[in-house]
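Asker: I am attaching a structure below and will ask some questions about it afterwards.
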Amino acid sequence: MNLSGISPEVLIAALMVASTPILLAAIGELVVEKAGVLNLGVEGMMIFGAICGFAVAVETGSPALGFLGAAAGAAALSMLFGVLTQFLLSNQVATGLALTLFGLGLSALVGQGYVGVTPPAMAKLDLGPLGDIPFFGRVLFGHDAMVYLSLALVAAVWMFLNRSRAGLILRAVGESHDAAHALGYRVVAIRLGAIAFGGACAGLGGAYLSLIRVPQWTEGMTAGAGWIALAIVVFASWRPWRVLLGAYLFGGVTVLQLNLQAAGLAVPVEYLSMSPYVVTILVLVVMSSGRGRAALNAPASLGRVFHATT
Amino acid sequence: MKRRTVLGGMAAAAAGTLATPLRAAGDPLKVGFVYVGPIGDLGWTHEHDQGRLAVEAHYGDKVETFYQENVPEGADAERVLTQMCLSGAGLIFTTSFGYMDATLNVARKFPNVKFEHATGYKTAPNVATYSARFYEGRAVIGTIAGRMTKTNKVGYIASYPIPEVIRGINSAYIHARKVNPDVEFVVVWVYTWFDPAKEGDAAQALIDQGCDVVMQHTDSTAPQAVAKEAGNVMTFGQASDMSAYAPWPRVTSIIDNWAPYYIRRVGEVMDGTWQPAQTWEGIAEGMVKIGPMSERLPAEVRAEAEALIEAMRKKEYHPFTGPLNKQDGSPWLAEGEVADDGTLLGMNFYVEGLKGSIPS
């Protein structure tokens, strides 16, 4: 295939930007699922974060405050899910789906006054001479702060889960909440913390869409990104670095096929678009067998209701 | 209340509506609308909803309208339509091409309900189709694009490879080439009507490839926002005026004006004169409107565009007038020959000069 029509640096730079929303949402959901909670409301939290961030940024004129507002708003929304599933012991799948519907509706309501408004622009980080390096300048040093933050977040989550005591406890809660409870860990509190973190990350991802990538507010603008984030967590078999790989693969395929078309190359767009989903389905198939599930490192208590009897 | 009693009650209510789907005399006519995107998209769905509001304003208490947004094209649409019929709708507008088969399937089950399917080509005793000759608007923006492009590369964000979209590409290209023989069109298929992030990415990809005009056949304003960011890129409002992006990048727009048609058809259902028809109206009838032209366009370009609009309004000019060849060079229309509606409605080929192929 002749790829000469596309500049690889432009492509990689575009891919990183396109992938950041789903990366942020997916890394948050990874922590939630590692704590044994399946929150299918990512899409709802993302879109709510998108409008919260947009509204705060427009009102204050500061994109940074916007991102904080997005994280806070979406975390607050996720607490609704937290209270319902952790205290009232509702079904996590149904509650998560309801959260998505609720988030979509609520964001449309909140966003009514913000249609057609242009948000304040987020300054690109000026890294001085680093940005002038050929190729790497544009790929590595030409982005806004959120792209780097998302990468730092992946590293931080990896460190937390694999190299810290608190991370070990969180994983223990996700593997066997009864055992963790017997050891004296506060399962519900830990899970609530994880759900809030997941909400905040989803909110940041949504705000990245509305403040930087698109930048505008449109109802339903996440258009399914939250569901892709959920798929990426499974695709990554609950490992942070694979989440990064998965997000860049999903985002990359989308950008790549658009760029290939724009460059006038005849490509089988359908197969390219399909590939990440096919991999996800394969992972789910492997997971459905007991041994495969263990090998894929799925949290053993994922989606199970915890009720402390003693 | 126990869950079982709730469910039982719902079943009873459903049975009740099943038995009496027809309205009694004096009851308001229930008119349903099925939308492919959110009404806040500021594009396609927004304009259909404006039409719905116009119907409400015009008939007051005599109608009751309701709508469902974000209905996926496919099996889900059938469920939504069935639900609307069961809740007593007398007339339903299905406002996207992909609802075609769902509309016909449900129409067969509810012969007393009238259906209006936008941009489709299949009819039935209780299914009419309606569409606007958007390609007339495309002729106008193609002319402006041909005059204004400096890189001679015009980007086109296409949704699905259906006749409606292909017609738009052909019309815009024919008219851009007419005023600028060096112009080249770059078409990107995004396979969605509404996905702001993807539409924005597509616009960015086109701009990265050197396009300084971006046209869209998708519903959100995301490409406008991306073009605004890029600075020197021109766009056109699609389906709605998108005036939030005027005077630049949006220099003019193709507006769908459904209100008069919706009011007319609702009235016909009320007085019992409704007939299934295939309505296809354009600038002359007012179904297609061209938005205000930006001051950023030179006066002579504006005048040229206005003259073209006027010629189409008087029906003196048809955008598909020969001599025109198909992409493979085979003759399509002879000198002075005008394309017939049948060919236009089923258009599945590019005209000569366009590069690339239509995905199948």
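Note that Cβ sites are derived from N, Cα and C of the backbone, with glycine treated the same way.
Take a look at what TrEMBL says about it:
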type: TRANSMEM; residues: A:12-32; note: transmembrane segment
type: TRANSMEM; residues: A:37-58; note: transmembrane segment
type: TRANSMEM; residues: A:64-84; note: transmembrane segment
type: TRANSMEM; residues: A:96-115; note: transmembrane segment
type: TRANSMEM; residues: A:135-161; note: transmembrane segment
type: TRANSMEM; residues: A:188-209; note: transmembrane segment
type: TRANSMEM; residues: A:221-238; note: transmembrane segment
type: TRANSMEM; residues: A:245-265; note: transmembrane segment
type: TRANSMEM; residues: A:271-287; note: transmembrane segment
Asker: Tally Cβ pairs under 8 Å between the transmembrane segment (A:135-161) and each listed stretch (A:96-115, A:188-209, A:221-238, A:245-265, A:271-287), then give the stretch with the top tally.
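Answerer: Between the candidates A:96-115, A:188-209, A:221-238, A:245-265, A:271-287, the best contact partner of the transmembrane segment (A:135-161) is A:188-209.
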Asker: Decide whether the stretches the transmembrane segment (A:188-209) and the transmembrane segment (A:37-58) have at least 3 CB pairs under 8 angstroms, with pairs required to be 6 or more apart in sequence.
Answerer: yes
Asker: Is it the case that the transmembrane segment (A:245-265) and the transmembrane segment (A:12-32) have 3 or more CB pairs under 8 Å, with pairs at least 6 apart in sequence?
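Answerer: Yes, since the transmembrane segment (A:245-265) and the transmembrane segment (A:12-32) share at least 3 Cβ pairs closer than 8 Å, they count as touching.
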Asker: At a C-beta cut-off of under 8 Å, are there same-chain residues at least 6 beyond the transmembrane segment (A:271-287) that contact it? List them, or none.
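Answerer: Long-range Cβ neighbours of the transmembrane segment (A:271-287): 231-232, 234-235, 237, 246, 249-250, 253-254, 256-257, 260, 293, 295-296, 298.
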Asker: If contact means at least 3 Cβ pairs within less than 8 Å, sequence distance 6 or more, would you call the transmembrane segment (A:12-32) and the transmembrane segment (A:221-238) in contact?
Answerer: yes
Asker: Give the nonlocal contacts of the transmembrane segment (A:37-58) in its own chain as ranges (CB under 8 Å, at least six residues past its ends).
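Answerer: For the transmembrane segment (A:37-58), the list is 21, 25, 28-29, 65-74, 77-78, 81, 85, 92-93, 95-104, 106-107, 110-111, 114, 117, 119-120, 174, 191, 194-195, 198-199, 202-207, 209-211, 217, 220-222, 224-227, 229-230, 302-303.
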